[in-house]
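Chemist: Let me begin by handing over the structure; questions about it come next.
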Amino acid sequence: MPLLLHPRFPSSHAAACAHRAAAAHRDARPALRLPELHATRRRRNNVACRATRAREAPPQQQNTAAALSKEAHKYFDHAVVTVRAGDGGHGAVLAMPASPSTDAPKSPRRRSDKGKRSGVKKVSYKRNYDGSVALPMGGHGGDVVVYADEAEETLLRFHEKARYCAKRGGNVGATGTLSSRMHNGFAGETLRIPVPVGTVVKRKKGAVLADLAHPGDEVIVARGGQGGISLIDVPEYRRRKAMVLSPNIMRDVSDRVLIHGQPGEEVSLELILRVVADVGLVGLPNAGKSTLLSAITLARPDIADYPFTTLMPNLGRLGGDPALGALQFSSEATLADLPGLIEGAHLGKGLGRNFLRHLRRTRVIVHVVDAAADDPVDDYKIVREELRMYNPQYLERPYVVVLNKIDLPKAQDRLSSLAFEISSIGCEECDGNNTSEDSLNGNTGEHNTSSETKVEGGEKELRDYPRPQAVVGASVLKHIGIDEMLKEIRAALRKCFDHRLPEP
């Protein structure tokens, strides 16, 4: 007959067998060494605090930073950011101060009390224009302002941080009983965001807010929320008397929503950088534009013998005209070295559309042509045609053609023929009254297809636009013909300046 097991009888034969089997299984397990035992006991969960997680950039952010460093020319002039103004501060629910005439216990008057009461000062509150008590309000939320700063050069930093928030307004400093010492909540600090000079600020897929073309220009892009009001909470039998002091009486529990501040505005902005320059240098890659800029200004752009060395516009300052003498004044001019243009740039090839839009503010255009190339005239026509296809008003501005690299033998032999052939492209009568005021001042639309670009029989061609103001030969590397080139550039600038002067 089998032996029955029962938990109340652990000393039974079956229980003893089970105990021996468990001990044998425990002895069969490999013994842990001392270091492994300590490591097992000290095993902890890795918990990272918020500051540690903030310092460790996520992989997506690291990839963005790598793309910005390698391909900065694709992002330097365009960015989309989100800004949020500060919320308004909260008001408070206040109680009326106790009235000594009604709340104090009655006691027989004495002559000594009469003198003491006469010295008690009455509480005075701030009043509104209608005589009511001015209750404290929550602070106004901080606004968001975008302003033009000369220290900023590109919009690259907005790709690393694309959201900006202003501080909220402060709450009413005290709660409880209404007192004359209460004050409004502190206003939130205005958030000022610097951008490069020449940045166009517009709502994303919306209207243009401002064109920050001059240093110090600014625009409020988001306004902070209004602070909440304060309410007086009094019993119903005292409301009529309290209405004399202030109309802000809490009549119901639902009125508490009035003490909350209003939320600040949140908008998505599109920032577009258009270089502010008086003179724009254009040409095919490796024509010598960067070398020319470094020869006549203090700018030091990257210069190499391979195409597309310049991927972002370089700026330089051209000094005043020394030929005017000490009694006359000539302001400095800003030159912009644009990246090289290729055929089909107006369609976006080689980021041409991004580069061509930086000519919008220029008043004078300088065409830099490699005189030692296989066909310099055809190179000149390619660039002119790209300007015409992108914005026809670019061709109506005064321009100078610089035949560069004349120190080479191939360019010296045909310099005079090249200058004659290029100067003959265009019409003579266009040099006068047909040049629009907007094109001289650098105020052109992005894509102007008005009736001015039409002639009888169709659109204008290159021969229907003005001829160059001058065609000069130079070698900016050998400093040959620099003075003559500067003379013609300053003459073109003077023409634009004289056109803006009002008639006496």
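Even glycines carry a Cβ here, placed using N, Cα and C.
Feature list, courtesy of Swiss-Prot:
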- 24-39: compositional bias 'Basic and acidic residues' (COMPBIAS)
- 73-276: domain 'Obg' (DOMAIN)
- 107-122: compositional bias 'Basic residues' (COMPBIAS)
- 277-494: domain 'OBG-type G' (DOMAIN)
- Gly283, Leu284, Pro285, Asn286, Ala287, Gly288, Lys289, Ser290, Asp337, Leu338, Pro339, Gly340, Leu341: GTP binding site (BINDING)
- 436-452: compositional bias 'Polar residues' (COMPBIAS)
- 453-463: compositional bias 'Basic and acidic residues' (COMPBIAS)
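Mind mapping these onto the model and telling me what they sit next to?
Modeler: In the three-state DSSP assignment, the secondary structure recorded for Leu341 (GTP binding site) is coil.
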Chemist: My understanding is the cutoff is Cβ-Cβ under 8 Å with a sequence separation of 6 or more in the same chain; which residues meet that for Ala287 (GTP binding site)?
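Modeler: Sequence-distant Cβ neighbours: Gly340, Val368, Val369, Asp370, Asp379, Asn404.
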Chemist: What number of additional C-beta atoms lies within 10 angstroms of the C-beta atom of Gly283 (GTP binding site)?
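Modeler: 25, counting other Cβ atoms within 10 Å of Gly283 (GTP binding site).
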Chemist: How many other Cβ atoms are found within 10 Å of the Cβ atom of Asp337 (GTP binding site), counting all protein chains shown?
Modeler: 29
Chemist: Which one of these binding-site residues, Pro285, Pro339, has the sparsest Cβ neighbourhood, judged by other Cβ atoms within 10 angstroms?
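Modeler: Taking Pro285, Pro339 as the binding-site residues, the minimal 10 Å Cβ count falls on Pro285.
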Chemist: Applying a 10 Å Cβ distance cut-off over all chains shown, what neighbour count does Leu341 (GTP binding site) have?
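Modeler: For Leu341 (GTP binding site), the count of other Cβ atoms within 10 Å is 24.
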Chemist: Of the residues named as GTP binders, Gly283, Leu284, Pro285, Asn286, Ala287, Gly288, Lys289, Ser290, Asp337, Leu338, Pro339, Gly340, Leu341, how far apart in Å are the Cα atoms of the most distant pair?
Modeler: 14
Chemist: If you count Cβ atoms within 10 Å of the Cβ of Lys289 (GTP binding site), leaving out that atom itself, what do you get?
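Modeler: Taking all protein chains shown, Lys289 (GTP binding site) has 31 Cβ neighbours within 10 Å.
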